[in-house]
Amino acid sequence: MEDNQNIDSEFIKGELLYTIFQNDIEHFSIAKVKVHGTNLEYNEKEVVVKGYFSSLQEGTVYQFFGKLERHAKFGIQFSVASYHTVIPDTKEGLISYLSSDMFYGIGKKTAKKIVEHLGETAVSKILNNPNILSEVPGLKKEARETIVKTLQENQGFEHVVVYLAKYNIGLRMAQKIYDKYKDETIDLLQKDPYCFVFDIEGFGFQTADMIAKKNGQSLSNPNRIGAGCIYILQRSVQDGHVYLPLAQCLQEVGVILRNPEQAISEEQITDVLSELNKEKKVILQHGNVYLPSLYYAEDGFASSVQRLVSNQIEEETTLADLMKIIGDIEEEEVLSYGKEQFHAIEQALKSKLMILTGGPGTGKTTVIKGIIQAYAKIHRVSIDPTSYEHRADFPFVLAAPTGRAAKRLHESTGLPALTIHRLLGWNGSESFEKDEHDQLDGKFLIIDEFSMVDIWLANQLFKAIPNDMQVLIVGDEDQLPSVGPGQVLSDLLENNRIPKVSLHEVYRQKEGSKIIQLAHAIKNDSCNIDLLQNDKDFSFIACRENHVVKVITQVFEKAIQKGLDVRDIQVLAPMYKTEAGITLINKALQDLINPKSKGKREVKVNDIVLRVGDKVIQLVNQPEDQVFNGDIGEVVAIFEEDENTDHVEQLVVSFDDREVVYERKDYINLMHAYCISIHKSQGSEFPIVILPVVSTYHRMLRKNLLYTAITRGKQSLIICGEKQAFLHGIKKLDTNKRFTSLKEQLSERLLEMPISQNNNKIEEEDISPYDFM
Ligand SMILES: Nc1ncnc2c1ncn2[C@@H]1O[C@H](COP(=O)(O)OP(=O)(O)OP(=O)(O)O)[C@@H](O)[C@H]1O
């Protein structure tokens with residue numbers, strides 16, 4: 001059995017002494033093993049093994065396959081790729097195995113009886129035919145069931161792990177697969193590996209294809225064609241598409257199915273797509289092919305928008321009253337709203353759903369505050385959340401897609417603001433607490449940074465909005481689109497029945513901001529080399545790619561000399577690799593700002609070293625700890641195994657308002673954040689931004705990317721690199737059109753609605769609020 005156990009034949013065989021760490025959800029464990037034998041040059045009596053295990057029993061002998069690794073702090077460990085229990089091959093050994101703690105209620109006597117009757121190959125005989133146990137005289141039904149169940153649970157998984165390892169499928173994926181198919185795994189893998197592509201997230205088409213080929217399956221098998229279609233659709237989601245046009249889908253599927261033996265025709269693919277459509281595994285609609293989750297998300301979102309806008313606002317305030325109210329607010333705030341701003345406030349109060357857009361410094365926040373104050377005056381409600389007995393009674397609900405954007409919204413309005421995920425009570429799985437059955441509390445919902453919201457989240461959010469809630473969407477359509485599929489904000493803006501107000505007049509520019517001037521020049525395609533002259537909040541340091549890292553470190557050195565807080569400076573770059581990429585910039589800045597020093601703890605995670613004092617960014621959502629993709633924090637402590645009651649190594653990161661404890665397997669969710677990607681900076685702002693722009697980035701340089709980057713800077717912006725690369729980049733539009741059908745869905749559904757007359761048309765041209773005071 002051992003020969004074909006694993007493509008990697010390095011093994012350690014030994015008895016499990018005790019488990020050091022165990023994560024029951026992920027099945028990740030670290031354990032101490034007494035070595036019985038190995039084919040490695042390893043002479044110690046014991047070894048620490050780590051990996052993903054279904055269940056490990058103390059006292060049981062296992063054969064672990066994998067490799068020895070040297071851990072910076074813990075020394076040598078064996079990283080397990082696959083394993084199986086060593087079934088003793090002597091009668092005595094087998095008897096003690098069957099009477100071990102693993103088999104609850106089976107004593108030595110019973111075990112002896114089984115072995116005497118079934119012989120040394122008892123285990124495989126039972127696994128092949130569980131009924132064989134009834135041949136053992138005097139064996140009770142419960143005992144028979146215990147033995148079969150225990151063997152199936154342990155051996156079953158191990159058997160699957162060993163089998164999958166032959167195809168280079170690791171323990172973690174094996175666990176996912178086994179959770180889904182249990183003992184049918186191997187049978188299914190042999191008969192139809194393509195079903196894994198449908199059922200198991202992350203199981204690639206190429207892997208299924210490789211397995212099928214090894215098993216000599218036909219390449220024109222409809223399941224293969226189906227899996228190819230699903231794979232191509234899943235891949236298109238990564239480019240932001242909601243669907244693929246049929247012709248494009250056929251062409252791309254044709255390419256991946258291509259093989260030298262047999263041509264797959266478009267007709268064959270079309271036939272399979274129609275079958276998949278019947279089974280609702282894809283949706284074919286108007287010549288477009290969708291994955292069902294995306295089709296229903298788009299459909300659901302469009303229907304929620306229709307539901308919301310078709311409900312009227314109960315009592316409308318007259319324009320005269322509104323002007324009076326806004327005039328009062330202007331007096332209280334000592335400011336005078338511009339015409340567009342006034343119009344935005346008026347329109348938002350009159351609309352069930354309105355979109356407010358505008359570049360930086362045009363007063364979006366000022367308008368949001370104005371809307372809240374005016375709403376409170378009209379409805380005679382307090383804007384002090386503490387004056388409400390129940391939190392649910394507070395009429396204003398503020399949310400944003402990221403933690404940082406929500407924090408900014410809270411800081412600028414003084415009102416509570418949450419991430420959309422938190423607002424909806426997301427628990428980390430696919431379900432949200434808030435939905436159409438249990439909708440949100442409140443009367444007025446404001447969602448900022450809406451350009452970052454993808455169609456899945458938009459659908460979840462909108463189904464949870466009750467009919468009597470007013471909604472204000474705020475965003476800047478010139479920024480990067482959402483990371484996830486769809487382009488919800490720009491599709492909404494295309495609909496002329498949804499009221500929208502766009503702010504153009506820049507207020508912050510009046511305070512002399514070159515950043516704002518630059519942002520608007522990029523927006524209006526009027527940026528030229530003259531605008532790149534240094535100013536009090538802007539400088540362009542010309543340098544070549546190979547000098548970028550040096551220039552950036554020099555800027556930091558200067559900042560440190562001047563006593564500035566380096567945490568206020570954020571480097572943003574578009575790419576990880578390359579000489580001026582995020583990885584090397586981070587490395588240089590870590591060496592400068594937080595170098596290795598005696599007494600300062602550190603851990604090695606793949607190619608990087610995380611050290612106490614490092615600025616780090618979270619790379620995935622970790623809702624159980626309320627820490628989300630893009631959150632930035634600082635490593636504040638590293639604990640060794642024996643320094644905490646959990647007996648595991650831990651790393652603690654302090655985020656704005658909480659400390660999160662990471663265990664080793666989660667360290668990969670962190671990365672240095674001295675320099676982060678522009679994509680990850682969406683929704684955040686920083687006092688000082690350094691932006692390297694060189695021609696080697698050319699593949700990435702686009703107008704919306706550079707616009708997003710420079711608008712992250714609040715006080716100062718330093719661009720370093722090549723002026724021509726920058727000027728060239730801002731002229732390049734994002735030509736990767738996303739395939740979405742929201743626009744069409746909305747125009748069909750809102751056909752009965754009147755065209756919104758007020759989109760940026762100010763009716764009462766010359767009336768000012770003062771006329772009514
Ligand atoms: N009507 C106005 N009169 C005077 N100052 C204004 C007016 N509107 C906005 N401002 C000022 O202009 C600056 C930018 O406004 P605000 O922060 O509301 O813009 P924003 O669009 O939210 O900007 P950003 O997107 O960059 O955060 C603020 O200092 C604000 O006080």
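Cβ atoms are placed via backbone N, Cα and C, with glycine included.
Here TrEMBL flags Gly361, Thr362, Gly363, Lys364, Thr365 as ATP binding site. When secondary structure is read from DSSP and collapsed to three states, Gly363 (ATP binding site) falls in the coil class. Listed in sequence order, the residues of the same chain lying 6 or more apart from Gly363 (ATP binding site) and placing their CB within less than 8 Å of its CB are Tyr337, Gly338, Gln341, Leu503, Glu505, Tyr507.
Per TrEMBL, domain 'AAA+ ATPase' is recorded for 350-511.
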Next on the checklist: Taking only same-chain residues 6+ apart in sequence, whose CB is under 8 Å from that of Lys364 (ATP binding site), what do you get?
Outcome noted: Leu356, Gly358, Val474, Leu503
Checklist outcome for this item: Should one count Cβ atoms within 10 Å of each candidate's Cβ, the binding-site residues Thr362, Thr365 would be headed by Thr362
